């Protein structure tokens with residue numbers, strides 16, 4: 001074994017050079033080549049130390065190659081954000097073509113966040129601190145770009161601006177190894193780097209709350225985490241049970257792994273993507289290692305022979321369906337067994353390595369695996385850097401020479417404030433279920449629960465205890481009961497979240513409660529959640545309480561006030577935003593309308609003086625709702641109406657939902673969403689009456705708002721080009737103290753009659 005390894009090391013030293021005019025992926029080059037060279041160097045030093053005189057001739061040549069290659073990747077970090085460009089030329093670095101290319105402006109979260117293990121190791125072994133510094137900056141910038149409410153990450157972002165291009169959030173392709181490296185960076189670098197641990201804990205809690213649906217790990221929107229993006233999952237998420245083992249969440253790891261094994265049993269391999277009802281979505285399978293990796297870690301943690309049986313199934317399928325004369329071929333179609341002429345490097349680096357370790361029963365291995373941590377490509381990095389000396393040659397080289405490719409920016413060019421989490425770290429607590437996992441019967445019980453025919457998202461994850469009846473009768477710690485629950489009550493939402501209960505908004509606008517025991521803060525909370533859900537089920541049998549549940553406050557009205565008034569008054573029901581000024585149970589706004597240009601509202605608005613103190617109308621799409629609100633506010637609009645882009649929906653039949661923000665509460669104007677059909681009616685009115693006055697707000701406050709804002713309304717019915725300084729948005733007390741007489745002026749009498757008629761019509765409609 002050592003003979004072959006020495007031979008391979010010599011060949012790499014003799015034949016490998018990175019001085020090539022070739023453009024490479026920074027991500028792939030790092031995890032496969034830099035990581036591979038570092039793993040080879042670590043192994044060579046370890047073997048020489050423990051099996052001398054083996055490799056006595058070795059002089060850190062692999063480390064020098066890794067150092068040289070990493071230096072050639074450094075120019076990729078020449079970006080405003082500190083995130084690396086996705087590609088770089090190994091000989092010429094980054095030219096203008098790469099820097100300005102549309103295809104090179106975007107990178108995935110995993111691509112930018114999967115460097116810290118290799119680069120921190122390289123810094124520790126060479127004395128060149130730049131590598132760890134740049135990788136750490138990239139990780140910190142990514143953390144800063146998370147959604148502040150959901151704590152979820154998107155998938156693709158702009159390397160220069162940091163803007164999210166794809167806001168889909170899951171644990172699969174494009175994002176997987178970012179989460180892996182957050183936790184492993186803490187393991188590798190120790191307590192002084194506990195920022196990595198606290199960040200991971202925040203992400204993990206959100207993932208288990210929003211991404212986990214039943215036993216499935218789905219994809220959601222980072223800014224709307226209750227909304228499912230797609231009903232299929234990709235094979236890369238199979239690494240997650242292995243990571244859960246490392247974090248101590250064995251129960252969740254057992255359940256998710258069993259779901260994946262069920263897919264394997266049905267299709268012989270894990271397809272590149274599969275649906276929540278276990279059907280193939282993408283047919284190919286390149287012999288990926290993630291499922292084998294998780295199988296190995298589960299066996300190592302539990303010693304359960306079930307995982308040896310899983311490994312045997314994998315080997316049998318490889319031999320039967322993937323074996324070819326000169327290796328193992330990827331499958332282009334798992335349904336037919338059709339092969340393709342391809343065998344990725346990870347097949348040897350990971351798939352077979354984990355299979356070997358799974359079945360290796362040797363009491364004393366050549367290398368003590370427990371002294372190392374695996375990178376995402378299964379290369380070995382040492383948990384104790386003190387066992388490996390710093391290379392003096394490389395350290396002196398760094399101290400003496402100026403690395404032009406590393407002169408990117410000074411330390412203060414990126415200012416990132418990392419907020420320490422106040423949440424109690426779950427993983428700092430001893431897992432309460434350790435004793436149960438000593439029993440293979442308990443793990444088998446968990447697995448059997450997954451083996452039914454139900455959809456993954458409908459699989460009810462088992463309770464961690466059968467002592468539920470006792471919990472029902474325990475009044476020493478009062479809990480929220482279903483009869484008292486109100487989704488408008490933030491304290492109630494906080495309590496059910498502790499129990500592991502998720503609130504999901506359905507397509508029909510109603511609310512669904514889903515209980516996931518593994519996301520509860522404790523075993524007691526999980527049991528309380530089960531009891532609460534049982535109470536809710538019983539409650540729903542006798543009432544239609546859930547039909548009235550609203551996550552957000554009541555809807556608002558947009559009321560055109562026509563002069564002269566029409567025979568039929570009009571009122572449009574609109575939904576509100578979760579950000580900005582809220583108009584519920586308070587005075588509303590009177591204003592004229594203006595259609596913004598550009599209509600998307602996604603960039604600086606033209607002719608902004610026409611929007612001043614008016615309600616701006618913009619269209620839905622092309623950017624987030626909160627961005628539209630910011631552009632309207634910058635143009636001095638006092639409110640905004642977003643027109644939906646689905647002509648088939650109406651407020652009477654469509655699902656009303658609340659527009660979400662981006663976690664930054666810096667919008668001060670109200671924003672509402674109006675369905676397209678109603679919006680067309682409103683715009684037609686505007687064409688007929690350019691001076692149309694609109695009321696936006698709570699209908700029950702319409703009359704009161706009129707009397708309190710008469711000074712301002714007097715200016716609105718004058719020619720629209722006149723201006724006034726009598727009214728300042730939001731200063732209701734100013735109006736009250738400066739109004740000399742409560743009598744309605746002559747020029748407002750007709751408007752007063754219009755408003756009264758509107759209120760009378762609403763009352764009549766409500767009585768019908």
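The backbone N, Cα and C atoms fix where each Cβ goes, and this holds for glycine too.
In TrEMBL, annotation is done automatically, which means it is predicted and not curated.
Copied over from TrEMBL:
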- 28: active site, proton donor (ACT_SITE)
- 176: active site (ACT_SITE)
- 272: active site, proton donor (ACT_SITE)
- 290: active site (ACT_SITE)
- 376: Ca(2+) binding site (BINDING)
- 614-679: domain 'PA' (DOMAIN)
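Annotated pair residue 376 (Ca(2+) binding site) and residue 272 (active site, proton donor), C-alpha to C-alpha distance, rounded: 18 Å. Cβ-based neighbour count (10 Å, all protein chains) for residue 376 (Ca(2+) binding site) stands at 26.
According to DSSP, residue 272 (active site, proton donor) sits in a coil region rather than a helix or strand. In this structure, 28 is the one among the active-site residues 28, 176, 272, 290 with the smallest number of other Cβ atoms inside 10 Å of its Cβ. Considering only the active-site residues 176, 272, 290, residue 28 (active site, proton donor) has 176 as its nearest partner by CA-CA distance. Mean pLDDT for the domain 'PA' (614-679) in the predicted structure: 79.
According to DSSP, the residue listed as 'Ca(2+) binding site' sits in a coil region rather than a helix or strand.
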